[in-house]
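According to TrEMBL, the protein has these features:
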- 242-253: compositional bias 'Polar residues' (COMPBIAS)
- 220-253: region 'Disordered' (REGION)
- 6-25: transmembrane segment (TRANSMEM)
- 45-62: transmembrane segment (TRANSMEM)
- 68-91: transmembrane segment (TRANSMEM)
- 103-122: transmembrane segment (TRANSMEM)
- 128-149: transmembrane segment (TRANSMEM)
- 161-183: transmembrane segment (TRANSMEM)
- 189-210: transmembrane segment (TRANSMEM)
Amino acid sequence: MAYHHPWIFISGILGNILSFMVYLAPLPTFVRVYKKKSTEGFESLPYVVALVSAVLWIYYATLKPNAFLLMTINSIGCVVETIYIIVFIVYAPKKARILTLRLLLVFNMGALVLVLITHFFLKGRSRIHVIGWSCVVTSAAVFAAPLSIMRSVIHTKSVEFMPFTLSFFLTCSAILWLVYGLLLKDFYISLPNIVGVVLGTIQMLLYVVYKKFNNNFAKGHERKQPSPTVNGKNMNHIKASNIDSSSPQVSVSGNIEVGRDENLYGPQLEHSDDEA
């Protein structure tokens, strides 16, 4: 394993370290899934795509010289992603479990067929081009997989299901692998990491914007809590019998409650004296 430029080795080592951090970033999520025995709103698609991408990169690394560092991190990725998927399948509801198994079957069968075709029917540069473009597509899909989560963040204005650590390490890792690919003059390594840098940056910006929005909303909600007083008088000293049933009333929590209107809420149930 000889590198013509020292920064190739350095960027590759750092890329391995940060990519390992990317693989570990969802760990708190799966610890939460294990403790709650529920996958809640999480999806398995990003992990299935990441597994298939790692498998294809391992095969690509066997076709290229000086690609040992590419093989090491993707081998680790295969193990980690497999563990995540197993945990997801164990605790997912039936519908999500079946969908995950179908995705695994389709993606892994597709990868296997691709490897067999290129191995037996293609030679030299042709094999590298086909596998290289396959790696570009799957890697771009790994970076694009959180797009559905990004859409959910924009729709719900909540960043609960988009961990900042994952977006941060994903962006840093993409930068290092972009440098690694440029120094190796390997187009297939560089291209998907350009996509990774762009999408990772967008994810972090969304997190900052909507995290700040959530904090401001929570503070505003606390300030807007009504006081249990009317005209400066403490309503706790006013007897309930002196308050007309159709007028605004103050609940124990301090929230103003408007008298019930049957036209809006429907008729109330009447209770007979026998039920008391």
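Using N, Cα and C of the backbone, Cβ positions are placed for all residues, glycine too.
Scored by C-beta pairs under 8 angstroms, the transmembrane segment (6-25) has its highest count with 68-91, from the stretches 45-62, 68-91, 103-122, 128-149, 189-210. Spatially, the transmembrane segment (45-62) is adjacent to the transmembrane segment (103-122); three or more Cβ-Cβ distances between them are under 8 Å for residues at least 6 apart in sequence. Recorded stretches compared: 68-91, 128-149, 161-183; the one with the most Cβ pairs under 8 Å to the transmembrane segment (103-122) is 128-149.
Counting only same-chain residues 6+ beyond the ends of the transmembrane segment (189-210), those with a CB under 8 A from a CB of the stretch are 70, 135-136, 139-140, 142-144, 146-147, 150, 153-154, 157-159, 162, 164, 167-168, 170-171, 173-175, 177-178, 180-182.
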